[in-house]
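A.B. asks: Provided herewith is a single structure, encoded as structure tokens, for subsequent inquiry.
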């Protein structure tokens, strides 16, 4: 089964924010991505708004509602009160909770579910009551207990942190080891009734191996590698390439 592609727009927003100018237009690139076959858009609004701005959210929400009603909006972030209120106002189809410190450059680890289980259960319950699906950022280390604890929060999905796998480059032996651990984690999730997303440093080159090991992968969220390719091939063609790497047939 093909995985859905959600295009992360943070890198586009970061480029825009280098100047006090309205371009590149985040919503315009979101429109191109969805028109080219992406199933959704992802943003990670940080407290300092260093890339995605809070004002981007209603614009992207309206884009999906008005032009692409079958697409999904995914908002990532650490669940502060301000973040939760932002989600409640925006009503994304999915909220992906990550354990980031506000100063982190990017998400680089999953939740410690042993430590944060009670906290996450409360947050998940609040978001679900608001009609949002919740995914929890998780390390793909192959252990079962953390996945069991994630399932007990009431979340519908986990998102596998694929950074170490994405960073292997040409080290095939290491990549094989890491993708097997990711696969074991996904197997535990499936057995516990959790759907599985994945994200971080995924590329057209490394997606097929991941898809082969996790054929039930529901969604991948990709920003940096996709944006880098878009600088060479254009956004629309790049999205089509990533959709194909996800196992989708280009229309």
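Each residue's number is its place along the chain shown, starting with 1.
Cβ coordinates are placed from backbone N, Cα and C, and glycine is handled just like the others.
Okay, these came from Swiss-Prot:
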type     : residues             : note
BINDING  : 8, 19, 201, 223, 224 : 3-amino-2-oxopropyl phosphate binding site
ACT_SITE : 44                   : active site, proton acceptor
BINDING  : 46, 51, 106          : 1-deoxy-D-xylulose 5-phosphate binding site
ACT_SITE : 76                   : active site, proton acceptor
SITE     : 159                  : site 'Transition state stabilizer'
ACT_SITE : 200                  : active site, proton donor
A.B. asks: Go through 44, 224, our recorded positions, and report the one whose Cβ sees the most other Cβ atoms within 10 Å.
C.D. replies: 44
A.B. asks: Take the C-alpha atoms of residue 201 (3-amino-2-oxopropyl phosphate binding site) and residue 51 (1-deoxy-D-xylulose 5-phosphate binding site) and report the distance between them in angstrom, rounded.
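C.D. replies: Checking the Cα atoms of residue 201 (3-amino-2-oxopropyl phosphate binding site) and residue 51 (1-deoxy-D-xylulose 5-phosphate binding site) gives a distance of 18 Å.
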A.B. asks: Output the one of 19, 51 that, of all these binding-site residues, has the highest number of other Cβ atoms within 10 Å of its Cβ.
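C.D. replies: Counting Cβ neighbours within 10 Å, the top one is 51.
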A.B. asks: Tell me, in order along the sequence, which recorded positions from 44, 46, 224 have their CA within 10 Å of residue 76 (active site, proton acceptor).
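C.D. replies: Cα filter at 10 Å returns 44, 46.
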A.B. asks: Taking only the recorded positions 44, 46, 51, 159, 200, which one has a CA atom nearest to the CA atom of residue 223 (3-amino-2-oxopropyl phosphate binding site)?
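C.D. replies: Spatially nearest to residue 223 (3-amino-2-oxopropyl phosphate binding site) by Cα position is 200.
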A.B. asks: For 76, 159, 201, listed as recorded positions, tell me which one has the smallest number of other Cβ atoms within 10 Å.
C.D. replies: 201
A.B. asks: Considering only the recorded positions 44, 46, 51, 159, 200, which residue has the minimal Cα-Cα separation from residue 19 (3-amino-2-oxopropyl phosphate binding site)?
C.D. replies: 51
A.B. asks: Which residue among the binding-site residues 8, 46, 223 has the fewest other Cβ atoms within 10 Å of its Cβ, if you could check?
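C.D. replies: Output over binding-site residues 8, 46, 223: least Cβ neighbours within 10 Å is 46.
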A.B. asks: Around residue 8 (3-amino-2-oxopropyl phosphate binding site), which of the listed recorded positions (46, 51, 159) come within 10 Å, judging by Cα atoms?
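C.D. replies: Neighbours among recorded positions: none.
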A.B. asks: Do you know offhand how many angstrom separate residue 44 (active site, proton acceptor) and residue 51 (1-deoxy-D-xylulose 5-phosphate binding site) by C-alpha?
C.D. replies: 8
A.B. asks: Could you measure between residue 159 (site 'Transition state stabilizer') and residue 200 (active site, proton donor) for me? Cα positions, answer in whole angstrom.
C.D. replies: 10
A.B. asks: Could you check which of the binding-site residues (46, 51, 224) sits closest to residue 200 (active site, proton donor), going Cα to Cα?
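C.D. replies: That would be 224, the closest of 46, 51, 224 to residue 200 (active site, proton donor).
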